[in-house]
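Enquirer: The structure that follows is given in the form of structure tokens.
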Amino acid sequence: MFWFVLISLFLAFISDWELVNEMDEAIIRLPAFAGTIIFMIYLGGLISVSLPTRAPVIIESDISLFKGLGMIPLGLDVDGVFVLSENIDVLISPFIELVFFGVAVLVSENYYQIISYSSRHGSTIGSALSGLTSAFSCQCESFISLLPAVAALIIDVILIPVLLLSLTLLILTYVFVSHFYRSGRPIRSFFVRPKDSSVVYRLLIIMSTVFIPMLLAYLVSIGLEKNFIFFFVGGMAMVLSGFIFAMILFNIIRIKTTSIAIGSVLSVSGIMLSYMWFIPVLTFIAYSDPSFYAVMMITGYSAGIAIGAGYSIMPPLTRYTYLEYVSVVFNVVPLVIFYLSSVMEKHIWMFIPLIDQVWFSLSLWIAMLPVMWYTTHLSLNSFARTSFSINKRVIIGEHAD
């Protein structure tokens, strides 16, 4: 196992080094890789076992230790071992090592590619903060690094598909940024706004105004609002529905006035309305009384309208960046709740079991992950499209005669 660790680490460093063209880039990328892998290991939250004071170092197979704890090792932990000491307990398995080192290479390279790409559009994107936001919201390592802790809570049927989703999004991010965006080639067939006459646009109208509200009303009528996962995920669905409705409404009204300040105020107001029901006192009221739960759903829909209005009022060049910031905010909150619930074991809502808090935050984050990834690529792709248009005009101007 020790040699397996060294070989995995060596291969990961070699892979990262191959991506480096110049020494000054190596000075940035290799520390980024090392920092990423350390951060992921720290975030991973491994199972710990209390030992007597000054106990010797113990190496135990994961099968025997899991059985002693009354647990069953899952797919991530196959052929793994526990290294137990007085100050640290470490779980090592071939699958976790390969995933961590491979993901660290992708993550560090994606950060470098996105931030360097964003810096070339300084005046367009706004600031380096947008590049950092894009890099963060495109990455899925925050989920993969939590896998050791999550593996003890959920079954492989859920874990493996989500793991594959995260890895797929990481790989797609690398391909899109390195082979398309940085060379000024936009992806026209995927990261674009649907045309008003398209089938997709009409489906969005039906979903936002009819399907989602009716589906949620039916699920509430059968008492599903007492399920804590549905309780909040349904609220977020109403926010999304209100956002789509506002975009459609402002597309019909076509207000020509644009304002970053007004758009920002509307977005902050919408986010605050969305999360006010996360306050434990208000959560308990909405959870206990169906009428207040209805108020919560209406509030979520209104919050979505406010966020959508803010998006529509923003100048065209900053709309996707605005959408990116909003999606990151909505994605960070479930991660914070998960960390507080799973790692720190903080009981935020005392009227529900702690394990339900973990399940809720994990479910909400998984649901938001593709949304955050997609909105970020909308922003990055829009700047590539702008660069493509500028380059095309320059070429035409040079060959006008």
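Numbers run from 1 along the shown chain.
Cβ from N, Cα, C; glycine included.
From TrEMBL, here are the annotated features:
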- 32-53: transmembrane segment (TRANSMEM)
- 65-85: transmembrane segment (TRANSMEM)
- 91-112: transmembrane segment (TRANSMEM)
- 124-144: transmembrane segment (TRANSMEM)
- 150-178: transmembrane segment (TRANSMEM)
- 199-222: transmembrane segment (TRANSMEM)
- 228-253: transmembrane segment (TRANSMEM)
- 265-286: transmembrane segment (TRANSMEM)
- 292-313: transmembrane segment (TRANSMEM)
- 325-342: transmembrane segment (TRANSMEM)
- 348-375: transmembrane segment (TRANSMEM)
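How buried are these features, and what lies next to them?
Expert: Same-chain residues lying 6 or more positions outside the transmembrane segment (228-253) and placing a CB less than 8 Å from one of its CB atoms are 196, 204-205, 207-209, 212-213, 216, 219-220, 270, 274, 277-278, 286-287, 293, 296-298, 300-309, 311-313, 330, 349, 352, 356-357, 359-360, 363-364, 367-368, 371.
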Enquirer: Honestly, do the transmembrane segment (348-375) and the transmembrane segment (199-222) touch, with at least three Cβ pairs under 8 Å and pairs 6 or more apart in sequence?
Expert: no
Enquirer: May I ask whether the transmembrane segment (199-222) has at least three C-beta pairs under 8 Å with the transmembrane segment (325-342), counting pairs 6 or more apart in sequence?
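Expert: No, the stretches stay apart by this measure.
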Enquirer: Take the transmembrane segment (292-313) and find every residue of the same chain, 6 or more past its ends, with a Cβ under 8 Å from one of its Cβ atoms.
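Expert: That would be 213, 216, 220, 225, 231, 234-236, 238-247, 249-251, 255, 257-259, 262-267, 269-274, 276-277, 282, 285-286, 319, 322-323, 326.
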Enquirer: What residues elsewhere in the chain lie close to the transmembrane segment (199-222), defined as a C-beta under 8 angstroms and at least 6 residues from its ends?
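Expert: Those are 230, 234, 237-238, 240-245, 248, 290, 293-294, 297, 301, in sequence order.
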